[in-house]
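Novice: Structure in structure tokens, see below.
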Amino acid sequence: MTTNFAVNRALFDEVMVPNYAPASVIPVRGQGSRVWDQNEREYIDFAGGIAVSSLGHCHPALVGALKQQADKLWHLSNVLTNEPALRLAKKLVDATFADKVYFANSGAEANEAAFKLARRWALDKFGEQKQQIISFGKSFHGRTFFTVTVGGQASYSDGFGPKPGAVAHAEFNNLDSVKALISDNTCAIVVEPIQGEGGIIPAEPAFLQGLRDLCDQHNALLVFDEVQTGVGRTGKLYAYMNYGVTPDILTTAKSLGGGFPIGAMLTTNAIASHLKVGTHGSTYGGNPLACAVAEAVIDTVNQPELLATVLRNEQMFRECLQQVNSQYQVFTEVRGQGMLLGAVLTEKYRGRARDFFLAAADQGLMVLVAGPDVIRFAPSLVITEQDIREGMQRFAAAVEQVVGA
Ligand SMILES: Cc1ncc(COP(=O)(O)O)c(C=O)c1O
């Protein structure tokens, strides 16, 4: 592509809405868990585009699926259905508790569909007083106005006028706080099996089981937001499979497309029947390109060998982080599961996660933060041992940089 202007970070400030503050470098290509910027500087990717690039960059199966579909059919809208969407839906249904799938384009949209469905289900079955949605402090469900209001950080939803009502927030991993809020007017409890943006905080098994029981007692739906935990990230196809607690509705996005935008809501026949013709929709939902790529992701990820690799990689990550910590004493613990891990900073470094993130970038490593106190790792599920070890050397250098400063 030829241009008569410089494509650099300064151009961002000139032409983009300032809601993001991206780093100064601009990556231009990636392969596996390595990324190169405009100056050919190489980075190891422990961030995975925020738990999205489940099979790394330019995985041959995904590139192949995209190229093949690109030569066939790009878009129809939901006036018609298409083969990739039907194949993907069938594979998701076969692999999970669900009977039915709704396709969206992002995690927020999958959640928006889930919350609207829960409200409509409750209205149809019990009447309009059954509206309350219970979610949790520190939870994150997306940035549409409904999902950000259900999310547990008021600072994200404040300042946009009147919010959708009948949303209450309990304390994560505190069943009593849920009991204090729930009633027969509750239509749904929404929970992340591992809170991602909130700091990589796993739900305790008894907590999720308790939520299931409370939902059953009060005729409410249990919604698992698996946007961040789904598609192999925790070593199972979906995290609910680790807990043996089955939701009524599950949302999935991020890793599902491996970098191609797609989201989905999964549910049962009985609940799905309330989303009748015309009640909800999206022009792009179930787009053939997105579904063809996601089908290749599911085919590749939902294999025992690959899922076992995720847990082996977790072990390696934990061992390496332990080594770094025994030298520098910067973490109190490493939380999470599979390729969704959070290193929690000690009192001394509390509030400084961003400093580690910036130092890592200096050392040629992409990591993430999850709030001010947690360094988050969400790499490709199939990151190689060499990339883990080399990345961890760079991480140790980053820690040294912060500790020594
Ligand atoms: C648990 C969870 N739900 C929903 C979302 C929103 O997904 P998206 O950014 O694709 O709308 C995120 C994104 O970080 C998430 O972590």
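Any Cβ shown, glycine's included, is placed from N, Cα and C.
According to TrEMBL, the feature pyridoxal 5'-phosphate binding site maps to GLY107, ALA108, PHE140, ASP225, GLU226, VAL227, GLN228, THR283. Annotated N(2)-acetyl-L-ornithine binding site per TrEMBL: ARG143, SER282, in sequence order. Marked as N6-(pyridoxal phosphate)lysine by TrEMBL: LYS254.
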Novice: List the same-chain residues at least 6 positions away in sequence whose Cβ sits under 8 Å from the Cβ of VAL227 (pyridoxal 5'-phosphate binding site), in sequence order, or say none.
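Specialist: Result: GLY107, ALA110, ASN111, HIS141, GLY142, GLU192, GLY196, THR251, THR252, ALA253, LYS254, GLY263.
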Novice: Nearest to SER282 (N(2)-acetyl-L-ornithine binding site) by Cα, among ALA108, PHE140, ASP225, GLU226, GLN228 (binding-site residues)?
Specialist: ALA108
Novice: Whole-number Å distance between the CA of GLU226 (pyridoxal 5'-phosphate binding site) and the CA of ARG143 (N(2)-acetyl-L-ornithine binding site)?
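Specialist: Taking the Cα atoms only, GLU226 (pyridoxal 5'-phosphate binding site) lies 16 Å from ARG143 (N(2)-acetyl-L-ornithine binding site).
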Novice: Spatially speaking, which of the binding-site residues ALA108, ASP225, GLN228, THR283 is closest to ARG143 (N(2)-acetyl-L-ornithine binding site)? Use C-alpha to C-alpha, please.
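Specialist: Its closest listed neighbour, by Cα, is ALA108.
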Novice: When you look at GLY107, ALA108, PHE140, ASP225, GLU226, VAL227, GLN228, THR283, which the record names as binding pyridoxal 5'-phosphate, what is the longest CA to CA distance in angstrom?
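Specialist: About 25 Å separates the two most distant Cα atoms.
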Novice: Around ligand 1, within a Cβ distance of under 6 Å, which of the binding-site residues ALA108, GLU226, SER282, THR283 show up?
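Specialist: By the Cβ criterion, which requires under 6 Å to ligand 1, the hits are ALA108.
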Novice: Helix, strand or coil for GLY107 (pyridoxal 5'-phosphate binding site)? Use DSSP.
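Specialist: DSSP assigns GLY107 (pyridoxal 5'-phosphate binding site) to helix.
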Novice: So of ARG143, LYS254, which of the recorded positions has the fewest other Cβ atoms within 10 Å around its own Cβ?
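Specialist: Comparing Cβ neighbour counts within 10 Å for the recorded positions ARG143, LYS254 gives ARG143.
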